[in-house]
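The structure appears below as structure tokens.
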Amino acid sequence: MERRGTAAVVLLAVAALAAAEAQLSPAFYDAICPALQPTVRRGMAQAVQKEPRMGASILRLFFHDCFANSSDGSILLDDTPSFTGEKSAGPNANSVRGYEIIDGIKAQVDASCNATVSCADLGGPNWTVQLGRRDALTASPNVNLPSPLSSLPALLSSFRAKGLDARDLTTLSGAHTVGFARCSSFRAHVYNDTAVDSTFAAQLRAGVCPWTGGDGNLAPLELQGPNKFDNKFFRDLIARRVLLRSDQELFGGGAASSSTTDGIVRAYAANASLFADDFAAAMVKLGNLALTGSNGEIRLNCRRAN
Ligand code: HEM
């Protein structure tokens, strides 16, 4: 990561292959689609150049995909009259974005690699991305995601259910160093909460987040640079200047004793490269929640099962 910004977030929409090849591997497509990584990087770089927020949006899309079952492209399936998937689920509807960027990159990769390419692989360029994920055949609106009002115990148990611990939770929440949230996601925190800096909350109330209306108004999750991937989010947490109640639970005593996550927040606030290294490792862990081998399929169109 090394503070390269959200352009660092890359989508490796890749493909499938031989049922014999059951493990994820960075070299999975070296032989069948050598153009994959440059094509994906170029597609993401263009998208981020056009709209800087898109890196954050794709990063979040990846997280939401991985938490609902696994990192299997299930979030990309469109609803139909007889099928309700993840797109219309509460945390995703009118909030997760970037689907058309994935469609565009998938088309470019397929053009060079003969439709060997699936929709499920995603990661960042400055760590080694494991490849070989397969696409889900279906999806469900039950997406297992914590809410922005979740307490620390609720956050911990939702991450534990995915094999992720308190450190992973704290590290991955550092993704909120980039991107934006809607007023409807943080209204309760800036109007009704005490675990927030009062000046910060007053600014948001007077500015982008009125008590009624303005639900879709956006504020940056990290004030000083919503398009820059750095460790400032953890300093904001210590200063109680973050938008989401769930994030503040990681520091300063929420409902439960948070001594474990307090210590990790302090360490990241003091050491940007510790955070960057841990973030890369945690993203690999998140992406390893995957379908491999002969499970699932290689979708031709990311929006529907073959
Ligand atoms: C720990 C539990 C988490 C909760 C409760 C949570 C909740 C949220 C909420 C409510 C928003 C604003 C959405 C909106 O208002 O439309 C958001 C944005 C975002 N989240 Fe999380 N999140 C969590 C963890 C994560 C993780 C693990 C990642 C990635 C590794 C992530 C990446 C992002 C990004 C990048 C954005 C900004 C997206 C954009 O600007 O389009 N979040 N999150």
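Glycine residues also receive a Cβ, built from the backbone N, Cα and C atoms like all the rest.
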Cys209: disulphide-bonded cysteine as recorded in TrEMBL, out of Cys119, Cys183: Cys183
Between His64 (active site, proton acceptor) and Pro146 (substrate binding site): CA-CA distance (Å): 10
Number of Cβ atoms other than its own within 10 Å, given for Cys119 (disulfide bond): 31
Top Cα neighbour of Thr177 (Ca(2+) 2 binding site) in the set of recorded positions Asp72, Cys113, Cys183: Cys183
For Cys119 (disulfide bond), the one of Asp65, Glu86, Cys113, Cys209 that lies nearest, given that the recorded positions are compared by Cα: Asp65
Neighbourhood of ligand 1 - recorded positions from Cys33, Asp72, Cys209 with Cβ under 6 Å: none
Binding-site residues compared (Asp65, Glu86) - the one with the fewest other Cβ atoms within 10 Å: Glu86
